[in-house]
Amino acid sequence: MAIHVITHPLVQHKLGLMRSHGISTKSFRELCSEVGTLLTYEATQNLPLEDNEITSWDGTKLNVQHIKGKKITVVPILRAGLGMMDGVMQLLPAAKVSVVGLERNEETLEPIPYFEKLVSNINERLSLVIDPMLATGGTMIATIDMLKKAGCKEIKVIVLVAAPEGVEKTLAAHPDVEIYTASVDSHLNDKGYIVPGLGDAGDKIFGTV
């Protein structure tokens, strides 16, 4: 459906810190989580609301708004997607978690699935797919394919940084999906890495650089 680039000053400031050479694992991990929180706020801004009557603190009846029965599952793509989990779950503590594992063949750049554990009623849920990077789009497309095969009807993608090639490829394959990101960067290099990007986000999150 669309690509949403979040230009909020806090998002851009934190992303700028993440791009810095020599950033520590601790700082990168914390910033990844924080930007994940801010992007999730944006991705959930259109959740439907309904009126509910409650008893307020002083015993009187009060009409308030609650999210209208929207069930959500957060879908981190292993392993780097785990770096965004804490930040996302701060806003959605009741969300169920589905996990997808794919790794990229460094020669063909094609995704290789190795793990899939989805909630049983995923067909009734909004799936929020999280991964720091949307590079070639292959891994994201394969993940969305898996979710749709399981019956998922509503999917949003949350990534810190995207390459224009990956955005175009993902939306061409799945035009009904919305993508939320802090930046669409310049391009992919010949190794399939985003330029300027963040480097290898998984290595930086887990300290395996």
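For all residues, glycine too, the Cβ spot is worked out from N, Cα and C.
Sequence annotations record features per position, and here Swiss-Prot assigns 5-phospho-alpha-D-ribose 1-diphosphate binding site to Arg79, Arg104, Asp131, Pro132, Met133, Leu134, Ala135, Thr136, Gly137, Gly138, Thr139, Asp200 based on sequence analysis. The Cβ of Arg79 (5-phospho-alpha-D-ribose 1-diphosphate binding site) has 16 other Cβ atoms within 10 Å, all protein chains considered.
According to Swiss-Prot, the uracil binding site annotation covers Ile194, Gly199, Asp200, Ala201, on the basis of sequence analysis. According to DSSP, Ile194 (uracil binding site) is assigned to a strand segment.
In sequence order, Tyr193, Val209 constitute the residues six or more apart from Asp200 (uracil binding site) in its chain with CB-CB distances below 8 Å. Fewest other C-beta atoms within 10 Å: among the binding-site residues Gly137, Gly199, that description fits Gly199. Summary of the uracil site environment: with the site residues Ile194, Gly199, Asp200, Ala201 set aside, the chain residues having Cβ atoms within 8 Å of the Cβ mean position are Pro132, Met133, Tyr193, Gly197, Leu198, Gly202, Asp203, Lys204. Comparing the Cα of Asp131 (5-phospho-alpha-D-ribose 1-diphosphate binding site) with the Cα of every entry in Ile194, Gly199, Ala201, these being the binding-site residues, the smallest distance points to Ala201.
Among the binding-site residues Arg79, Met133, Ala135, Gly137, Thr139, the ones whose Cα sits within 10 Å of the Cα of Ile194 (uracil binding site) are Met133, Ala135, in sequence order.
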